[in-house]
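Enquirer: In case it's useful when we look at the structure, here is the feature table from TrEMBL:
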BINDING   R190, G191, G192, R193, T307, S519, R580  CoA binding site
BINDING   G383, E384, P385, D407, T408, W409, W410, Q411, T412, D496, R511, R522  ATP binding site
BINDING   V533, H535, V538  Mg(2+) binding site
DOMAIN    23-80  domain 'Acetyl-coenzyme A synthetase N-terminal'
DOMAIN    82-464  domain 'AMP-dependent synthetase/ligase'
DOMAIN    527-605  domain 'AMP-binding enzyme C-terminal'
MOD_RES   K605  N6-acetyllysine
Amino acid sequence: MSANVFPVPADVAARAHIDEQKYTEMYRRSVEDPDGFWGEHGKRLDWIKPYSRVKNTSYDFHNVSIKWFEDGTLNVSANCVDRHLETRGDQPAIIWEADDPNEHKVITYKELHHEVNKFANVLHGQGVKKGDRVTIYLPMIPEAAYAMLACARIGAIHSIVFGGFSPDSLAQRIDSCKSNCIITADEGLRGGRKVPLKANVDKAVEKAPVDCVIVVKRTGSEITMKDGRDVWYHDEADRVSDHCAPVEMNAEDPLFILYTSGSTGQPKGVVHTTGGYLVYASMTHKYVFDYHDGDVYWCTADVGWVTGHSYIVYGPLANGATTLMFEGVPTYPGPGRFWEVCDKHNVNIFYTAPTAIRALMGAGDEHVTKTSRKSLRLLGSVGEPINPEAWTWYHNVVGEGRCPIVDTWWQTETGGILITPLPGATPLKPGSATRPFFGVQPAIVDAEGNFLDGATEGNLVITDSWPGQMRTVYGDHERFVQTYFATYKGLYFTGDGCRRDGDGYYWITGRVDDVINVSGHRMGTAEVESALVAHPKVSEAAVVGYPHDIKGQGIYAYVTLMEGEEPTDSLKKELVTHVRSEIGPIASPDLIQFAPGLPKTRSGKIMRRILRKIAEDSFDSLGDTSTLADPAVVDDLIDNRQNRA
Ligand code: WTA
C-alpha cells in the first residue's frame, strides 16, 4: 500500500458486519454467481410472492433491458414500516430536528405506521390510484417521508421536486410525468427564512394544471387555497381511517421517478422500481454504514435528491433503523449546528457532503471542538470528490481521528452506493472512494472504449447490472439507451472520469460531460444556457464549471448580448435573478463574462474546452486553437476573464 493509508481501527473491525476477508469472499461470489448471491440477499426483504428468477439484464445496445426479481411481489411501505411493528414498534423510526434548535419530534415505528396509513387514505380520497404519478414538493418535515411511503403503500409513483426549484422547473417536472396531484406545504423553513412553497405551486399549476393540491401546514402563514382543487392535509386526515392495506406490487413496478440533469436537453425522469431498488438501498445502508440495531443514523441530505430517497427514507427504514431528518441548514443558528444535533440526539453515524464540510471547516474549529461528539462512530461523504484537505479536517477535527470516513460514490441513476469503503474491511486513503460494493464491476476505458488495466486513468464504466440500477427514463426508453449505453456499446457509462491506483483503489476525478457539480447538486450546462438565452437581451450563452473553494464547482457563464445592449453590472445582476427564477437559486451563475464572440469551430460548434480553461484561469495551455473560425475572440475572452485565481 502507498503512503497516507488509514488502517481499519481494531474496535471498528471487531464490531463490523464485514471484515476484509468477508469482503473479498462476498465480492468474488457476487460477481461470479450474481444469481446465487442476490437470490440469497434478496431475502432481506419480506416478499408477498417470492421470486423464482433473480437477474435478467441485458446491456446489449440494441436491447437494453434490466429486470431483477421479476416474478416476485412485495410492498415497499410494508417492508419499511409494518414488518417492524412486532419487534420495534416503540423504537424511534424518525427523529425530526426542526430548523429551530428548540424543536424536535420523535416518531416511533408504531406512529409511523399510523401516519403512513392515514396519508395513504388521504391520497385515495383524492382519487389517486396505483400507477398514478404524485408530485411531492415539500420541505424536510416528517410528512415528506409519510407521503413517500403512502405513495408506495397504494402503488402510486412519487416524483419529488426539491423545494429550491422554481415554479417553472416544478411545472416542467409535473408536465413531464403527467402528474395530477401535488403534495406541498404552506411554506418551508430553512435557516429562519420562509420558502413560499404553496405560492410556487400556484404559479407552476398555471402552466401545468393538476386536479388536486394537498397542503401540509408548516408555518401557518397566510396562503391562498383554491376551492375544489386545494385541500389541507390535516382536514382530510381527520376524516379518514388509519387503516389502508398495502397493495401487492410487482418487483419491477416503478416506485419513483426523480428528475436529474444531464449533458443535453431537459432533466431526465430517472425511474427506479420496487424490488431491486429496495434490496440494494437497504443492503448498502446496512454494510456501508455498518448499521447495528439501536444506532442513531443521520444523513443530512434533502429528500429532494436521491441521497434523501435511498439513505434517509428507504434504506434505513427497510432496515428498521432510527433515521434522523433535519429541516434546517448547517450554519443556522450557528456553524456548530451539525455537532450540536449530534450531541442532542446521540448520533452514531453521520453522512454529509464535502461542500458542507468545506464551509464548516472555513468557519473555524472552535464550533466543532466546543461540542462533545463522543457518540460519533462513523462519518460519510457523498456528492462530489472530497479533497484531501477537507477529508483530513473531517477525520481529525470532527471525528477526532477515531471515526472512519466512508467516501461513497454513486449517482441518481445507480439507486445506491457503488464504490465505497466498508468501515470494517477497507483501509482508507483520503480522496479515494476505494473499492466496489458487492455485485458492482467498475472498469476504466479510454475515449475509444478500450479497457485500461492496472494503475490507469480514463472514463468510468460499469460492465454489468446491479439490482439498484435505474430501469429507464420515464416515457423515453430510447433516451435511456442513448444516454448511458451508446458512448461505449455494451457498457453503462457513468459520465465520470476516474483514476485507479496500484492497489486497485478508485479515485473519482469528476464529470467528463457537460454536467457541473455545484455543492453536490448536478446542473446541466445546457439548462443554464437555455435559461440565459430566454432573456430578451441575450443572444447567445455558454456555461462551464470552474473550481470553487466551497461549492466544489462554480457556474461560469459567457454571455453574448443582443446588438446594441450595454454590458453593465446591473444587467449581470438581472441575468442572475432571471436564472434563479427560471431554474432556482442552485443554478445562479457565480461569474458572468460578457463576450462579444464565443470560440467556435468553422462548423459552428462552441469549443468548450477553451472556455473551461479560461474559466479556470489556466489559459496558457489552451491547446490547438487553429480550427477556430475566428481565433481573435480568444484574446478578448482572456483579457476580460472573471476568475483571476
Ligand atoms: C458525483 C449523488 C466523487 C459524481 C449521489 C456523480 C461523486 C455525481 C461522489 C452524481 C463521490 C457523487 N466522489 N464524486 N463520493 N458522489 N459524485 O446524481 O460526479 O446527484 O456522477 O447523485 O456526483 O450526482 P447525483
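FYI, residue positions are counted from 1 along the chain as it appears here.
Every residue, even glycine, has its Cβ placed from backbone N, Cα and C.
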Enquirer: For R511 (ATP binding site), what is the tally of other C-beta atoms lying within 10 angstroms of its C-beta?
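Expert: There are 18 such Cβ atoms around R511 (ATP binding site).
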Enquirer: Radius 10 Å, atoms counted are CB only; among the binding-site residues T408, T412, S519, which position scores highest?
Expert: T408
Enquirer: Find the shortest Cα-Cα separation between G383 (ATP binding site) and the binding-site residues R190, G192, S519, H535, R580, and name the residue that gives it.
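Expert: Of all the candidates listed, S519 is nearest in space.
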Enquirer: Using the structure shown, find which entry in G191, G192, G383, P385 (the binding-site residues) has the sparsest Cβ neighbourhood within 10 Å.
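Expert: Selected from the binding-site residues G191, G192, G383, P385 on minimum Cβ neighbours within 10 Å: G192.
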Enquirer: Select, from S519, H535, R580, K605, each of the recorded positions with a Cβ positioned under 6 A from at least one atom of ligand 1; if none does, say none.
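Expert: With ligand 1 as the reference and 6 Å as the Cβ limit, the list is empty: none.
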Enquirer: Say we define neighbours as other CB atoms within 10 Å of the CB. Which of the binding-site residues R193, R580 has the fewest?
Expert: R193
Enquirer: Rounded to a whole angstrom, what is the largest C-alpha distance between any two of the residues R190, G191, G192, R193, T307, S519, R580 that the record assigns to CoA?
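Expert: Roughly 24 Å, rounded to the nearest whole number.
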Enquirer: Would you mind reading off the Cα separation of R580 (CoA binding site) from W410 (ATP binding site), to the nearest angstrom?
Expert: 27
Enquirer: Could you measure the widest C-alpha to C-alpha distance across G383, E384, P385, D407, T408, W409, W410, Q411, T412, D496, R511, R522, the residues recorded as binding ATP, and give it to a whole number of angstrom?
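Expert: So the binding residues stretch over 18 Å, Cα to Cα.
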Enquirer: Taking every protein chain in this structure into account, which of the binding-site residues V533, V538 has the most other Cβ atoms within 10 Å of its Cβ?
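Expert: Answer by Cβ density within 10 Å: V538.
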Enquirer: How many Å lie between the Cα of T408 (ATP binding site) and the Cα of the residue listed as 'N6-acetyllysine'?
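Expert: A Cα-Cα distance of 36 Å.
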Enquirer: If you measure from the Cα of R190 (CoA binding site), which of the binding-site residues W410, T412, V533, H535, V538 is the nearest?
Expert: T412
Enquirer: Spatially, and counting Cα to Cα, which of the binding-site residues is closest to T412 (ATP binding site)? Options: G191, T307, S519.
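Expert: Nearest by Cα distance to T412 (ATP binding site): T307.
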Enquirer: Using Cα coordinates, what distance in whole Å links P385 (ATP binding site) and V538 (Mg(2+) binding site)?
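Expert: So the alpha carbons of P385 (ATP binding site) and V538 (Mg(2+) binding site) sit roughly 34 Å from each other.
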Enquirer: Run through the Cβ atoms and count how many others sit within 10 Å of the one on R190 (CoA binding site).
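Expert: Other Cβ atoms found within 10 Å: 17.
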Enquirer: At a 10 Å cut-off from the C-beta of H535 (Mg(2+) binding site), count the other C-beta atoms across all protein chains.
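Expert: I count 19 other Cβ atoms within 10 Å of it.
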Enquirer: Select the closest residue to G192 (CoA binding site) from the following binding-site residues, measuring between CA atoms: R511, V533, H535.
Expert: H535
